[in-house]
Each structure stands twice: as C-alpha cells, then as structure tokens.
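Have a look at the structure below, then the notes.
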Amino acid sequence: MAREFSLEKTRNIGIMAHIDAGKTTTTERILFYTGRIHKIGETHEGASQMDWMEQEQERGITITSAATTAQWKGYRVNIIDTPGHVDFTVEVERSLRVLDGAVAVLDAQSGVEPQTETVWRQATTYGVPRIVFVNKMDKIGADFLYSVGTLRDRLQANAHAIQLPIGAEDNFEGIIDLVENVAYFYEDDLGTRSDAKEIPEEYKEQAEELRNSLIEAVCELDEELMDKYLEGEEITIDELKAGIRKGTLNVEFYPVLVGSAFKNKGVQLVLDAVLDYLPAPTDVAAIKGTRPDTNEEIERHSSDEEPFSALAFKVMTDPYVGKLTFFRVYSGTLDSGSYVKNSTKGKRERVGRILQMHANSREEISTVYAGDIAAAVGLKDTTTGDTLCDEKDLVILESMEFPEPVIDVAIEPKSKADQDKMGIALAKLAEEDPTFRTQTNPETGQTIISGMGELHLDIIVDRMKREFKVEANVGAPQVAYRETFRTGAKVEGKFVRQSGGRGQFGHVWIEFEPNEEGAGFEFENAIVGGVVPREYIPAVQAGLEDALENGVLAGFPLIDIKAKLFDGSYHDVDSNEMAFKVAASMALKNAVSKCNPVLLEPIMKVEVVIPEEYMGDIMGDITSRRGRVEGMEARGNAQVVRAMVPLAEMFGYATALRSNTQGRGTFTMHMDHYEEVPKSVAEEIIKKNKGE
C-alpha cells in the first residue's frame, strides 16, 4: 500500500489546556468537520467521542490520551488528546514527547490558568511549536484581548492575535481574520457554512490597529520583511503567513485564534491554522539517539528511506484486542506481521497487527510510514518510553523521564476471590502507567500502591473495579517508623524453668550500645572461658535478631544498635538453644528501662516550585508541618523552596498545595533519612499502636 499522505502533508498535534477550557469539545468538533464523526457528542452530556473510558465520561475529564487520525483539505492530522489535571501531567509529557506541534486551548473568561502554566512549561521544555485557541467566546464574561494579555503577562509568551471576535457572549456572531483581512459570519447552527465578507464598519479601525501590530511583531523576527516594512512597502498576505509560520516553528511566536467550539464557531479556522503554521515531521529537527553497543550519537531523519525507528509512548489494555502499544514512527516504515527490536530492553518483538485509532473505533492497516502515529497489537515486553527499531540497525531514542510517585496507600482485596485478580490487575495497570507502582510491605504484609496524587490513585482503584471486576478496600496512607537506642547499658536476661523432669535454663549478660546511623545491627561474642558454651552463641544472636524485628516501644523494627555478649551461665542438663534464644530476647526487653529507646521517622527532601506571590503562605505551611526550610532560589519566573519535612506530615500535601496556590504550585519529594520523632508526637504513635 503506497503512502496516502506525503510527509509534508502530515501534522502530529496535541490539544492541551487547563481542566474545562473545552479541550475535548474542540477535538470533537475537529473530528466532526474532518468527517470522521456523524453526530456531535457533548462532553457535558457525557457522550464525547474522545473521552472513552467510563470514568472519564462520568467525571467529565480526559485521562488517557487517545490518538486519533483525521483528514482536512488533503492533509492527514493525527491528534493526541491530553489530560489537563495535575495528577496526569505524565500523560501530557508523554504526548508532548511524540508531537510536532500543539494547540493550546484557553477559556476566554479566565485566559491563562494554573494548569496551562504547567503544561506550557512542559511544551517549552520539549520545544513544541504552539498556536493558541481562545475558546468559549459565547460564555458570560468572555474577553478575547484580556486572554491574549494573560499569555504575555503570565507566560512571557510572544503571543499575537491573528483573529478578532465579532461580538461576545450571546452576541458572538463571527470572526475577523486579520491575516486575510476578511470577516466570517456563521450561517447555520453546526457552523459548517461560513461566508467570507467585508469587515463590518464598526470593527474596521480596531482590526487595522491589531493587524498593524501583528505585521510589526512578525517583521521583528525576519530581517528581509523588516527592511521591506521600513521602506514602506506593503507586506503581502503570503509573506505575512510565511513570517508567522517561521516564527511559530522556531518557538518564538504564538498566533492566537478565537471561537466557541460548543457553538461550532471558529474550529475550521483552527484546522486551517494547524496546516498553515504548525510543523510537518520534516520541519522538525532530526531525532537524536545512541547506538546501544558503542554509545555513539546518531540521528534519524523523518524519511521513509531511513532505517525504521519509533518510540512507544502509551500502553493500554483494550477489552477486545488485549494489549495495545501506541507508537510514533520517526523514520522508515513498518509492515504488520514483521519483527522489530526493542532496543531499550534488548528484546525481539513481533508486530501482529497495526491499528490506526479513531477515538474509540479502529481501522486495521498494513504499513505505517515515517511521521505516523499508530497502535501495535502483539508486543510482549514493550513499555512506555521504549524504542522500537530495525533489527539490523539498532538505535535507542532518548527516553522520557518520569517523576517518582509521591503518595502511598494500603489496599486489600474484599474477598479471597479478589485476591488473585487484584495481583493481575495491579501488574497490568503498572505496565500501562510508569508513575504508578505497587509493592508488598514485608513488615505488615499489606499491598501498597503509589502514585502521583490522590485523584490518580482513586482512578486506579476505580479502574480495578470496572475493568478487572476487583473489589478492594483502600486504607489511609501509612508511615514506616523505626526504633533505636540512644544510650548504652549492661543487662541481664535469665530464663529458668525447673519443676521436676527436663527443665529450661539460659542465662546471659549483654552490653547494648547505639550504632552509627545506617550501620544496622552488630553482634559481638566476648565470652571467655566457656561460661556460655560455643554451640549456644548463634542461638543468642538469633534470639536478639528476632526480638529486634518487633521493637520495644511500638512494635516497629529496632535498628542501628550493637550487642556484646560478655557473660552468662549454663546448666549441664537443662540448657538448650531454645532457652538461650528466650534469654537473649528477655535481655533486650530489660534494656528498655536503661537504654533510652526512641522512635524514628522518615524525613523527606521536598522541593516546591511556586509563583513568587505564594511564597509566604507556602513557607508558613511547611513550618506548620514540622518542616525545616533549607534554601530558596529563583527559577525562571517561579520560586523554588527546598525543605526537609517528615513523611507523616506530607499526606494530603498535593491537595493543600493546589488550593494554596490555585493549582499553580508543583512539588517533588523523596526519602532522605530517618530522624527522632518529637516526644509529644511519639507518645501519640505509641499509644495508637498499643491500642490504648
């Protein structure tokens, strides 16, 4: 099968935005106008084409980026719908990695919102060219020029309007195209017919003013145009378009469009702008990779002639075809039924079938070409971020980096039948999502799941129930405390049972001392003259090790202590290993009153990134969580606060930070060291654990 669309006529785009800016509705309309959907689905009725997981329809938010193929004016447009919620930023990063360009959707009433900042920063990191669509122009309080202003003020983006709305709120009737210098009025409800007319008299002056500032901004990025402009020559429409395209592709300029996806106005013009201003795979720099054997850097150009290379950016379990691996082809071609090498894992994989996805239906294709996005069926070992390549010409494309999970919750199956299913379900979910981890706590035997936030874990538990039919109880998050001794002492442990017949006799003297942090348990045998026979020494050590596991204060493991066995006595008949084991554990219990045992807690290294104006609130909040601020620095237009905070105080922090900063703050944390718990807090924990 020959290539249907040339590389120059291919666009891989993402649609990114804050929650509820109208991203899914915009995607819907794009699919409607490109002829892939017959009936328009409304998100607020829970019937959208792109949001196809049940919980997405219920919550009205988009979680998985469904990759969809559409056609417009002889071009192929691959669209990746991305989530706009903080807990799902990994999905966004994942999509941005494989896109060539993006449409940022703003709400005309609010302009740039908190999550827009986060997603915008991520897009800048990956160097993704963007056009901006100011949506919801029909909403009360909609203000187009205010929204354009927020792009400049809050994101320092060189953004300029290339359109102007005619009217606003209920009177939003049409759109003025500042590049072509015409006005579009919509004739029917579905917005399929719009006629280009002359700009209405009352808008002429404003339109001319905005068009002139647009031309100036474009000329500043292009010397030839600047010279022409300064000499007073007219800039033609084609030159203006070429200038906007050049600035956009260099990520130096952001054209801003306007409309209302819900009212079917302006979406076709967004599609035209995608073709006019966003890059084809050939406009993007060649992707860099390394040879697995020599680590030498190599490039793969976007061409069918080059060896095959692709990046897997999403793994999903589909109820009908099993495991689907979404991938972006960077170079070469791939036929279904052929073999490829997963160079990241060093495994050979067979591509059973190749599907091109349309929101929730699929079409089987025989070949994918450079620049395409498709899903493969039949890959066994491939996970998110892996490179797939030609077996004869290996390359590892730079992978994606995923943040560490920040929240842990204990989970247990409701019944025995759920137990086995739960293990399988968790393993499959962890395979799909690199920011979700699962482990079994060896001390409590609980299954612990970890993720990026409370909503993230809620949805995981919800998916277990719906997709895998597993019912589970979710506990409150737990902290792994430890215990240790602060002072040393010599203690006796004596176990004697002699009441006729064979008795029990074990007697030891042990000196306990605190050990260095992280050094663990050390046992020393200092018996002289056989007062405790050699064969009983290992029993003394084993008795201590068992007793340490259960602690002395609140049942948490006792760590970092030294024990020296220096004296004791035995009985010819009644002594045995068991008796010495018990004697050793009694010695440890007797040490409680003399060795000043304390409780230790994990201390997390926390880094919070926030806009300057929230600095005071955040510092106060960290202090109230028993945290110590270690340092601060400016990073771009944000502030970074570094602090040490006990894990026990960090539960619910993601939610608190979100509300303290209107969602504009982000944080990362990882375990740093153990530290003594303050007395008042320790007493509470001990009481709770002893069930008092």
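All positions are counted from 1 along the displayed chain.
Each residue, glycine too, has its Cβ placed from N, Cα and C.
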Residue carrying phosphoserine as stated in Swiss-Prot, selected out of Ser110, Ser450, Ser680: Ser680
Phosphoserine according to Swiss-Prot, picked from Ser6, Ser48, Ser366, Ser569: Ser569
Candidate annotated in Swiss-Prot as phosphoserine, out of Ser213, Ser415, Ser593: Ser213
Average pLDDT across the domain 'tr-type G' (8-282), rounded to a whole number: 80
Those residues of the chain, 6+ apart, with a Cβ under 8 Å from that of Ser213 (phosphoserine): His160
Candidate recorded positions Ala17, Met137, Ser302, pick with smallest Cα gap to Ser680 (phosphoserine): Ala17
Spatially closest candidate among Ala17, Met137, Ser569, the listed recorded positions, to Ser302 (phosphoserine) (Cα to Cα): Ala17
Nonlocal residues around Met137 (GTP binding site), in sequence order (Cβ under 8 Å, 6 or more apart): Ala108, Phe144, Pro165, Ala168, Glu169, Phe172, Val258, Gly259, Ser260, Lys263, Lys265, Gly266
